[in-house]
Amino acid sequence: MSKNIQAIRGMNDILPEQTPLWRYFENGVASLLDGYGYRQIRMPIVEFTELFKRSIGEVTDIVEKEMYTFEDRNGDSLTLRPEGTASCVRAVLEHGISGGGQLQKLWYVGPMFRHERPQKGRYRQFHQIGVEVFNLPGPDIDAELIVLTWRLWGLLGLREAVTLELNSLGSSEARARYREALVEYLSARFEQLDEDSQRRLSSNPLRILDSKSPDTQALLVDAPKLADYLDEESRLHFEGLKARLDAAGVPYVINSKLVRGLDYYGKTVFEWVTDQLGAQGTVCAGGRYDGLVEQLGGKPTPAVGFAMGVERLVLLLETLDKVPAELSRQVDLYFCAFGEAAELAALALAEQLRDALPGMRLAVNAGAGSFKSQLKKADKSGALYALVLGEDELAGRIVGLKPLRADGEQQSVGWDELGERLAACLQA
Ligand code: ATP
Ligand code: MG
């Protein structure tokens, strides 16, 4: 016997038990973003490899070791997108929709691919909802992005569980000056650095700030601070952002070591983190990337955005027991019918009910079965009521209405009153 083929490690099926929660989350975010005037964009999952090399940066972890890159039949080097910002910028440029200072407030949702070590909250195919805004340079829009995520946490019941970490990376000149000072400081202590940080010292020294090694972190205590190197413009921008978050009542902490793993950020960077998910605690992250559009061939275009990890947020909702109870209910009503004639009548009645009560969810029993077995299926469906139609009910042009989640006897309802009666029951 041949071995069953399995899914690729780190790439998960989202099973029917889980999809209601995914849809609750995704629909919640979508309607929130609609409410702030953001519009959805959909990009391909595969792009030319060059796009990610040029945007994310050659010496980042993502590009160095996490991308799914392959040659297609034309000999082109293609990559499964590891994130959405690069594709979004590519699309906006390609269609000229950010040219001439046109404001764009965009969002997208979809799978991303990174060859990382799979573990709880870290997968090789994972999903992000991303938001990107083009052509607004000020801190007002950075604040709006953060305020809207704060509203989202409120809607989902997650405010207590997340903390906003905030930093400013300054201008590229300020970062360059800081990088020099940091490299000088760390070079003098090279032997004490962990191996990863030793490698990064020449390639991407700012990422050392993010090192997980306690020894390296101890070294950093007395290292030069990025905040002391900020240019005046970035400092004012950051002050403007903080003032707006204060005004909106969004709590934050300044984390001067927050640098993010992608090269394109400058000025604002932020992460929403939780201590409820173990090591994979960042549920949403983003920042300003005013240089990226130009780097990809466009005119200078201020831009800011973020992406949230859908798996981690779904996991957080489960961990904190914030899953709305009604999500376990597949349908509101389950129609049981006994015998061929009753089945035919039930089918016709069910269609009439669907006309009369849009939004109601009704399953009609298929596959016949005894009273006991049909009611068992009705119960399993999570329905609030079973509709029962047997020979007697058929003769009397009535349906038995049996409550499944509350005490109470089965009642008889005439076919003509059924729509009205069910509307009242489901509203209660
Ligand atoms: P991390 O530090 O956790 O690796 P990152 O800095 O690589 O995250 P981004 O590229 O900014 O993350 O992606 C934004 C969000 O997408 C993250 O905050 C996280 O919630 C989610 N995310 C990133 N990588 C993964 C992954 N491999 N599996 C699941 N979610 C992920
Ligand atoms: Mg990562």
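Backbone N, Cα and C define each Cβ position, glycine as well.
All TrEMBL annotations are machine predictions without curation.
Within ARG73, ARG114, ARG117, ARG244, the residue that TrEMBL lists together with GLU83, GLY84, THR85, GLN128, GLU132, ARG260, TYR264, TYR265 for binding L-histidine is ARG114. Across the domain 'Aminoacyl-transfer RNA synthetases class-II family profile' (1-358), the prediction's mean pLDDT works out to 95. Per the record's binding annotation for L-histidine, residues GLU83, GLY84, THR85, ARG114, GLN128, GLU132, ARG260, TYR264, TYR265 show a top Cα-Cα distance of 21 Å. For TYR265 (L-histidine binding site), the same-chain residues lying six or more positions away in sequence with a CB closer than 8 A to its CB are LEU169, VAL259, GLY287, ARG288, TYR289. Of all the binding-site residues listed here (THR85, GLN128), it is GLN128 whose C-beta has the fewest other C-beta atoms within 10 angstroms.
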